[in-house]
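Undergrad: Feature table excerpt (TrEMBL):
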- 1-446: region 'Methylthioribulose-1-phosphate dehydratase' (REGION)
- 235-438: domain 'Class II aldolase/adducin N-terminal' (DOMAIN)
- CYS318: substrate 1 binding site (BINDING)
- HIS336, HIS338, HIS411: Zn(2+) binding site (BINDING)
- GLU361: active site, proton donor/acceptor (ACT_SITE)
- 490-729: region 'Enolase-phosphatase E1' (REGION)
- LYS662: substrate 2 binding site (BINDING)
Amino acid sequence: MEVKDQNEHNLEKKMLPPTTGTFQSREELLKHVRDFALTQGYMVSIRDSAKDRYVTVACDRGGVYRKRLKNGENMRQRKNASRLTNCPFEVVGKKDDDVWTLTVKNGEHNHEPSKDTSDHPSCRRFTEEEVLIIRDMSAAGKRPRQILKALRQRNPNLVSDSRNVYNVKAKIRRGSLSGEDIQGKKAEASCSSSMETMNTNGVAATVTQTQPMVHNSFAMSQAYVESKEVTETKALVAELCQHFYPLGWLSGTGGSITIRVHDGSIPRQHQLIVMSPSGVQKERMVADGMYVLSSDGFIMSTPSLKLYPYQPPKCTDCAPLFMKVYEICNAGAVIHSHGLEACLVTMINPFSKEFRITHMEMIKGIQGHGYHDELVVPIIENTAHEGELTESLTEAMRAYPKTTAILVRNHGVYIWGDSWISTKTQAECYHYLFDAAIKLYQLGLDWSSPNHGPLRSINGLWGCSGNSSRGPKVGTFGLDYMIEPSQRCLLLTIEGTVTPMSFVTDILFPYAHDNVQKHLAMTYDSEETQHDIDLLRSQIQEDLEQGVAGAVPIPPDYVGKELVIASLAANVEAMISTDRKVTSLKQLEGHIWRAGFQSNELVGVVFEDVPEALEKWHASGTKVYIFANGSREVQQLLFANSNYGDLRKYLCGFFDTTVGNKQVARSYFEILQTVGVDRPADMLFVTDSFQEAVAARAAGLEVIISIRPGNGPLPQNHGFRTIASLLEI
């Protein structure tokens with residue numbers, strides 16, 4: 001009787017293998033095995049796999065431990081429920097004729113069912129789809145706890161915690177979890193492919209792709225395409241088309257608008273996209289006339305066919321360019337305008353590769369710019385067909401990562417922003433500035449200089465005949481009186497030239513060192529500081545792997561922000577003490593100094609000759625630029641809050657080491673190209689550093705070395721002119 005009861009008891013506890021059968025995809029087969037295993041009290045993991053041929057799935061308690069002995073005892077300890085037992089359970093899925101077949105190789109287990117599956121490491125592993133979400137949300141700057149919240153909204157049964165998210169992020173960062181690991185070894189689609197869909201009347205609509213067509217892990221159902229979020233976005237695009245038409249931006253069926261469908265439950269990079277069609281009267285647009293595309297550029301919804309005289313619907317020819325902007329800039333909306341001012345402003349100088357303007361109030365409406373900044377918009381050449389602009393537009397976006405607009409000569413402009421509101425606001429500001437430049441040009445005034453003084457005459461520039469003794473022609477668009485691209489300008493460093501070395505070493509650096517913990521504690525939950533922390537985590541992880549002195553591990557968020565802040569502060573203080581020049585530190589220092597300047601705890605100290613020299617150069621029409629190791633934001637804060645007041649009105653622009661190292665000649669070539677100086681000798685560089693002077697001279701610039709109290713010694717017979725005051729220039 002006891003034997004019978006024991007057998008019945010064992011039968012009740014026996015864990016069954018999953019039912020065999022055929023499946024349409026590898027993912028469907030794996031889900032079937034995993035879901036069934038959970039009902040039986042065991043967990044499985046992939047033991048071996050060839051993405052398109054077979055997959056072997058085993059019990060996660062299979063295998064044995066490697067010997068890691070200390071004093072005769074195995075150091076590898078785990079909970080009993082998840083400890084390896086060399087379990088023989090194994091099932092195999094094989095692909096044959098596009099169908100996956102599941103067979104059971106060994107359906108037996110040598111352990112008891114688990115009562116709590118969360119003990120199993122395999123239960124805390126993320127699916128391929130979840131890893132994609134972690135990767136994309138990390139790239140978008142989301143914190144682990146925000147990522148975990150999004151994952152749990154999609155899967156309430158998720159048992160993983162923020163530690164597991166950190167582990168996946170670390171693997172992605174180190175490259176050990178590559179795109180192939182995440183998505184499998186998939187064939188790349190061609191960079192110029194197309195997808196054709198049929199509308200309800202059988203009319204083909206085609207959109208050209210400029211990126212590999214990979215199926216989105218957030219596959220949208222037709223029901224979602226007809227959801228409230230999508231419907232409202234389509235109506236918004238139609239409304240904006242009607243609004244911009246009277247401004248001349250979308251006349252003659254030209255121009256286009258596209259907006260991402262905002263949905264907080266879906267990562268930004270996977271949100272649907274609404275686009276206006278091509279060849280239609282934009283002032284008569286309605287919501288039903290819009291195209292809906294997936295984030296990969298697949299058309300998911302098309303407008304219905306209208307009777308004559310309407311043409312069959314066609315997705316905008318701007319589609320491949322829009323998709324590139326979404327891909328590279330992570331935009332929330334894009335406007336392509338055919339506004340007359342955007343066209344004409346590219347024709348004033350037919351050889352210029354940039355539009356530049358400064359000291360105009362509306363510059364403040366452009367993302368990342370202020371009144372004193374120089375706004376730079378790249379110009380690309382027009383082509384016969386819109387889609388052919390994709391390559392040059394892509395190159396311009398990569399060459400000007402901070403721009404939110406690109407002009408197309410004799411054509412129009414592409415403008416984007418984080419949201420439709422930001423895009424609309426910036427579009428209005430850009431068109432205002434283009435129009436202002438045209439009107440200033442008609443008045444003979446220079447829109448690219450701070451004082452907007454008279455344009456300089458150029459005799460015979462670009463093959464145009466002209467008399468250099470004549471005054472500017474007001475109200476004409478002749479090319480005789482352009483801004484002289486090779487005019488004299490100055491490039492100054494800050495430390496040892498404009499400010500004492502002691503200001504940086506004795507004031508700025510100690511201030512950052514002393515206020516790290518306070519700053520992190522006060523701003524910990526802000527998006528900016530969380531981004532700073534993510535950069536620091538990455539840098540510190542690299543330092544730990546390379547054995548950098550002073551680097552200490554940063555605990556995950558769940559241990560409490562006090563411990564996280566203390567560990568971060570210890571690392572930052574060590575970096576400052578050893579004068580590290582890493583991006584993560586420079587960015588955090590800049591934010592700490594900004595807070596110091598804004599609270600009046602810091603005042604920028606400049607030599608007494610600096611204000612007078614800047615004013616003198618400004619009055620003579622000489623453009624002055626700054627090139628320093630500190631970020632552009634820090635440079636502007638220093639000059640805005642100097643011991644002689646706000647000096648930014650005398651400066652035309654700021655450069656930091658994003659253009660390159662100050663001791664490399666290539667950096668100065670980049671500055672020359674950006675500023676628009678054709679002859680390097682027409683730019684005078686003033687620095688305290690011999691190495692920087694050598695690099696600038698190699699680029700062809702004139703160079704003067706500044707001799708100030710506290711500056712380092714120079715080599716004998718260095719060969720450079722020196723000055724003790726900027727007033728000597």
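Cβ atoms are placed via backbone N, Cα and C, with glycine included.
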Undergrad: Long-range neighbours only, meaning 6 or more apart in sequence with Cβ under 8 Å: which ones does CYS318 (substrate 1 binding site) have?
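TA: The list for CYS318 (substrate 1 binding site) reads SER256, THR258, MET275, SER278, HIS336, GLU386, TYR414, given in order along the sequence.
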Undergrad: Give the sequence-ordered list of residues that share a chain with HIS338 (Zn(2+) binding site), lie 6 or more positions from it, and have CB atoms under 8 Å from its CB.
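TA: In sequence order, the residues whose Cβ lies under 8 Å from that of HIS338 (Zn(2+) binding site) (at least 6 apart) are GLY248, TRP249, LEU250, SER251, GLY252, GLY254, GLY255, HIS411, GLY412.
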Undergrad: For the binding-site residues HIS336, LYS662, work out the Cβ neighbour count at 10 Å and name the residue with the minimum.
TA: LYS662
Undergrad: Looking only at the region 'Methylthioribulose-1-phosphate dehydratase' (1-446), report the model's average pLDDT.
TA: 78
Undergrad: Cβ within 8 angstroms of the Cβ centroid of HIS336, HIS338, HIS411: which residues besides those meet this for the Zn(2+) site?
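TA: These residues sit around the Zn(2+) site: GLY254, GLY255, SER337, GLY339, ALA342, CYS343, VAL408, GLY412, VAL413, TYR414.
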Undergrad: Which residues in the same chain, at least 6 apart in sequence, have a Cβ under 8 Å from the Cβ of GLU361 (active site, proton donor/acceptor)?
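TA: The answer is TYR371.
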